[in-house]
Amino acid sequence: MSFSPPPTEVFDVIVVGGGHAGCEAAITAARLGLSTALFTLNLDRIAWQPCNPAVGGPAKSQLVHEVDALGGVIGRLADATAIQKRVLNASRGPAVWALRAQTDKRHYSREMLQLLHHTPNLALREAMVTGLEVDGDPEPAGQARITGVRTYFGSVYGAQAVVLTAGTFLGGRIWVGHQSMSAGRAGEQAAEGLTDALKQLGFQTDRLKTGTPARVDRRSIALDQLEAQPSDAADRFFSFDPTAWASGEQMSCHITRTTAATHQLIKDNLHLTAIYGGIIDSKGPRYCPSIEDKIVRFADKDSHQIFLEPEGRDTPEIYVQGFSTGLPETIQLELLRTLPGLEQCVMLRPAYSVDYDYLPATQLKPSLETKRVRGLFSAGQLNGTTGYEEAAAQGLVAGLNAARLIGGQEPVHFPRENSYIGTMIDDLVSQDLREPYRVLTSRSEYRLVLRGDNADRRLTPLGRELGLIDDRRWQLFNDKLQAMEEEKQRLETVRLKVSDPVASTVEKESGAPIRGSITLADLLRRSGVHSSDLVRHRLADAELPLAVREGAEIDIKYSGYLQRQQQQIDQVKRQSLRKLPADLDYASIGTLSREAREKLTAIQPTTLGQATHIPGVSQADLTALLLWLELQKRRSQKSESLASSTNSR
């Protein structure tokens with residue numbers, strides 16, 4: 001190893017990168033009593049939201065609830081800075097309910113910076129980390145140990161553990177059309193040297209791509225001609241801590257759509273993008289495609305929905321969600337003006353793509369420590385994920401396990417059956433993912449169990465055991481548990497009699513008669529009856545917290561689900577050797593996710609067991625495939641039986 005100068009400073013933990021993963025990692029390690037330093041290229045862009053200024057959404061909100069249940073901060077800050085909140089998938093079952101908050105991005109960043117400044121044991125440093133200090137030979141893997149980092153200007157900082165959370169900054173290059181420049185994101189330099197340092201230690205790196213749409217001036221949009229989308233969930237929050245709740249002035253988003261002119265302009269100029277022009281071939285996020293990808297992949301669609309989302313209360317900037325593009329700047333304004341309501345719009349910032357180096361996460365342990373270098377951890381977009389929520393969850397896990405490594409404690413592994421955090425990490429470290437990973441409810445075979453509302457019941461006891469939950473939060477949690485148990489007991493014992501004044505109204509609304517009497521629990525088990533209906537009919541206490549009422553309702557409605565789900569999982573395990581027909585048309589199986597249909601069609605596994613190892617094919621997909629095979633088997637047996645009966649006549 002090369003000789004290094006004496007360290008300028010020494011810390012227990014160094015976190016490299018000040019995004020959502022880095023902030024959670026640094027705060028977690030510091031709260032566990034470790035002297036921690038967060039290194040970032042720009043202290044004025046802490047926890048910045050360079051793409052969509054929003055937190056939550058399907059599966060992502062569950063992650064945010066889980067991080068909060070473990071003492072993390074993303075949920076608290078989203079609650080404090082929300083300017084619009086909505087519940088997605090509200091008409092479906094609780095497994096896929098999702099809270100989504102439009103946040104004030106500048107306010108969010110300021111709040112995070114203040115939180116970092118006031119966290120004991122945590123120091124902030126603005127510097128570019130370009131190298132890793134290591135003791136021992138990296139070959140064979142696992143023999144080397146991290147001892148610190150080296151910065152661009154030659155300073156060395158010592159540490160027993162280092163967490164890399166560099167986001168899109170490693171070798172980052174932004175593209176607008178065929179023109180490009182070195183940058184981690186618009187206006188900020190890329191990180192130099194760290195990719196080479198990782199390669200010298202024997203790590204494999206690859207390239208991924210993402211992008212962000214243009215920002216337009218709100219004052220130049222005819223919002224009065226567009227459909228408004230106001231907040232509908234001002235009373236719902238990510239955090240389980242009421243002291244974090246805030247209900248400031250809400251702002252509406254607006255909806256427009258692409259037109260035939262939009263599609264034609266894109267088709268005519270596809271060759272001018274870096275991807276379709278063949279200049280770069282990095283994989284972009286499957287579930288957040290550019291508008292060019294939408295037009296190409298969904299050629300049969302005449303129009304695509306576009307959301308106009310405010311970036312904050314004190315800025316006129318509007319984020320054009322669903323309209324990221326790699327087209328040249330000279331075409332982007334013309335393209336924007338094909339959208340209804342934007343005919344006279346002013347473009348404040350052009351859209352761009354960014355491709356960057358990442359560290360395939362199969363090189364990590366489930367603790368997010370690297371397999372090659374002891375004490376070196378990696379989290380966030382560097383691991384190939386996409387999204388602030390995925391990054392925050394990984395940051396918490398990496399910071400936690402870095403602290404435990406230094407303390408001589410066993411790492412914490414999150415099982416996939418107990419959290420979306422565990423599902424995500426299991427997918428990352430066990431599958432050879434070659435495109436940006438986004439958490440989805442369909443990736444979890446346990447999704448009704450892994451709801452947002454019960455994240456505290458699943459994880460807060462663990463957080464308390466690990467030292468991440470203080471006495472006040474622990475008391476809040478236990479008070480909620482007690483209130484829920486009391487409410488469930490009340491619902492199971494209190495009966496509504498047919499002679500009660502509200503009985504006839506309840507019968508009419510539920511569509512079923514009350515024979516003599518019925519417990520409130522059995523009433524809740526009826527389709528379409530909810531705890532809010534009990535409150536409306538004065539059969540439940542309106543002062544009872546919403547989380548308590550809804551939690552009790554869900555527990556009662558879905559009490560038998562766990563057993564049925566476990567039976568399905570066990571059946572999948574037993575069926576791992578089951579042969580798959582060579583001519584199986586996966587594209588025709590509608591219950592499979594789109595990704596699973598594509599991957600299964602391409603690979604054509606011969607057994608169900610082989611299908612379990614295909615990246616992008618989740619346990620939920622395997623269950624759906626197994627059920628489909630069983631259905632086909634029964635249909636075949638029935639046809640054979642009918643044919644046999646006919647022939648015997």
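Yeah, the Cβs are placed from backbone N, Cα and C, and that goes for glycine too.
The FAD binding site annotation in Swiss-Prot covers GLY17, GLY18, GLY19, HIS20, ALA21, GLY22 and is backed by sequence analysis. Positions annotated as NAD(+) binding site by Swiss-Prot: 284-298.
Shown on the structure are the features that Swiss-Prot records.
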residue	record	Cβ contacts under 8 Å, 6 or more apart
GLY17	FAD binding site	PHE39, THR40, LEU164, THR165, ALA166, GLY167, PHE169, GLY380, LEU382
GLY18	FAD binding site	LEU38, PHE39, THR40, LEU41, ASN42, LEU43, ARG45, ILE46, ALA47, LEU124
GLY19	FAD binding site	ALA47, TRP48, THR165, GLY167, GLY380, GLN381, TYR388, ALA391
HIS20	FAD binding site	ALA47, ILE74, GLY380, TYR388, GLU389, ALA391, ALA392, GLY395
ALA21	FAD binding site	THR165, GLY167, ALA379, GLY380, GLN381, LEU382, ALA391, ALA392, GLN394, GLY395, ALA398
GLY22	FAD binding site	VAL15, VAL16, LEU38, THR40, VAL163, THR165, ALA379, GLY380, GLY395
CYS288	NAD(+) binding site	THR210, SER324, THR386, ARG438
SER290	NAD(+) binding site	GLY211, THR273, ILE275, GLY284, SER324, THR325, GLY326, SER353
VAL296	NAD(+) binding site	LEU270, TYR276
PHE298	NAD(+) binding site	HIS304
Using a 10 Å radius around its CB, how many other CB atoms surround LYS294 (NAD(+) binding site)? 18
For GLU292 (NAD(+) binding site), the same-chain residues 6+ apart in sequence with C-beta under 8 angstroms from its C-beta are ILE266, LEU270, THR273, ILE275, TYR276, THR325, GLY326, LEU327
When a 10 Å sphere is centred on the Cβ of ARG286 (NAD(+) binding site), how many other Cβ atoms does it contain? 17
8 Å Cβ shell about GLY17, GLY18, GLY19, HIS20, ALA21, GLY22 centroid, FAD site members excluded: VAL15, CYS23, GLU24, ALA25, THR40, ALA47, THR165, GLY167, GLY380, ALA391, GLY395
If you draw a 10 Å sphere around the Cβ of GLY284 (NAD(+) binding site), how many other Cβ atoms fall inside it, taking every protein chain shown into account? 21
Look up GLY17 (FAD binding site) in the DSSP assignment and reduce it to helix, strand or coil. coil
